[in-house]
Amino acid sequence: MLTFMASDSEEEVCDERTSLMSAESPTSRSCQDSRPGPEDGENTAQWRSQENEDDCEEDPDHYACSGVPGRPSGLEEELTLKYGAKHVIMLFVPVTLCMIVVVATIKSVRFYTEKNGQLIYTPFTEDTPSVGQRLLNSVLNTLIMISVIVVMTIFLVVLYKYRCYKFIHGWLIMSSLMLLFLFTYIYLGEVFKTYNVAMDYPTLFLAVWNFGAVGMVCIHWKGPLVLQQAYLIVISALMALVFIKYLPEWSAWVILGAISVYDLVAVLCPKGPLRMLVETAQERNEPIFPALIYSSAMVWTVGMAKLDPSSQGALQLPYDPEMEEDSYDSFGEPSYPEAFEAPQPGYPGEEPEEEEERGVKLGLGDFIFYSVLVGKAAATGNGDWSTTLACFIAILIGLCLTLLLLAVFKKALPALPISITFGLIFYFSTDNLVRPFMDTLASHQLYI
């Protein structure tokens with residue numbers, strides 16, 4: 001699920017935050033500059049009369065200085081055009097990188113294409129000549145897998161509802177530890193074995209320790225935004241490789257179709273688990289855990305930086321019921337409105353604060369299942385690049401359409417259904433129609 005977000009915290013921009021990320025959005029005119037000074041007594045009456053005459057002309061900065069909780073529609077369209085294309089590209093790049101890492105690993109490392117085991121969530125084997133029995137086993141595996149996902153999601157919602165934050169943080173930290181240390185060790189070992197690279201165990205352990213420790217700090221505490229994004233991409237790729245290796249072929253395709261339907265229900269249904277998680281977070285005015293979300297802008301949570309004493313005079317927008325449905329982030333985090341500066345006395349040489357950068361958020365589960373689809377196409381598509389490329393393009397087209405619908409409806413949308421549907425259609429049509437057609441043309445030495 002994804003959406004645009006304005007900010008992730010009700011706090012103003014802090015000194016430590018600006019050291020981690022440079023704001024790229026234009027600065028707004030300060031309130032002091034827009035008001036007449038004490039020495040402009042003769043111009044005060046003229047300024048007030050012009051204010052009455054220019055009621056029809058809407059100045060975006062007037063809202064920021066007066067604290068009026070609203071913006072003209074023209075400014076909203078301008079912001080959509082301004083931030084839309086930029087952040088669509090910023091979302092396409094990590095999705096593409098994650099899928100490239102998975103496909104490159106599948107094509108080069110045989111370990112992830114060898115079938116020597118199954119997950120405990122898919123106990124039914126598909127090693128049977130009967131097509132009906134194989135289809136039945138894949139459906140049963142899918143039911144078990146989706147049931148586990150639903151139960152764990154509801155369990156997470158219950159923990160969050162009863163404020164078991166330490167348990168949730170411990171759960172996420174243990175998962176990150178396993179991915180960044182154990183799975184990275186296995187991955188590096190197989191890569192070194194494939195390319196015949198000699199490596200002693202102390203050096204390997206030291207490299208894995210440094211990699212994992214930096215990742216834990218960046219994901220669960222604080223660090224540069226680019227480094228945090230890189231670690232989230234690596235985690236998604238490692239998890240996708242595990243699914244590709246241990247999910248049976250037919251079960252993988254059925255699970256991909258079922259998980260897209262579940263994503264649709266969980267996000268849009270009023271009693272969906274993710275929607276309930278979002279509503280609880282909005283009631284408490286709290287952010288969702290950043291370890292579950294990829295953000296194209298800084299995900300700023302409480303405790304990551306100290307408050308600047310000079311930023312205590314900010315006024316927040318009042319609660320708006322219509323804004324509640326349109327402020328969900330990619331994994332259920334509320335996107336809080338921007339803070340408006342309260343009018344304060346002007347001081348010479350005072351610089352206006354920079355506006356916080358907007359961004360797009362996408363759940364890590366979307367990264368994982370995008371990569372699973374492309375990786376399965378690369379592993380089971382008889383090594384044909386046309387099938388892999390078709391699935392890759394289909395996912396990007398679906399993601400682009402989802403972002404387009406996001407801009408139209410201005411509400412949170414699930415990111416899996418359109419992309420996964422296009423990917424499945426492109427995979428089976430290319431593998432069963434396009435590839436045989438190309439093979440026939442090549443056998444007759446005909447080129448188009």
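Placed from the backbone N, Cα and C atoms, the Cβ positions cover glycine too.
If you check Swiss-Prot, you'll see PRO248 and TRP385 are listed on the same side of the membrane. The two recorded residues ASP366 (active site) and ASP263 (active site) have their Cα atoms spaced 10 Å from each other. The transmembrane segment (224-244) shares more Cβ pairs under 8 Å with 88-106 than with any other stretch in the list 88-106, 139-159, 389-409.
Counting every protein chain shown, the Cβ of ASP366 (active site) has 26 other Cβ atoms within 10 Å.
Below 8 angstroms of C-beta separation, residues 1-2, 253, 256-257, 259-261, 263-264, 266-268, 330, 362-363, 365-366, 369-370, 373-374, 377, 381-382, 384, 386-387, 390-391, 393-395, 397-399, 401-402 of the same chain, each at least six residues beyond the ends of the intramembrane segment (414-434), sit close to that stretch. Taken residue by residue, the topological domain 'Cytoplasmic' (435-448) breaks down under DSSP into 9 helix, 0 strand, 5 coil.
Summed and averaged per residue, pLDDT over the topological domain 'Cytoplasmic' (435-448) gives 82. Counted over residue pairs 6 or more apart, the CB atoms of the transmembrane segment (250-270) and the transmembrane segment (167-187) come under 8 Å in fewer than three pairs, which marks the two as apart.
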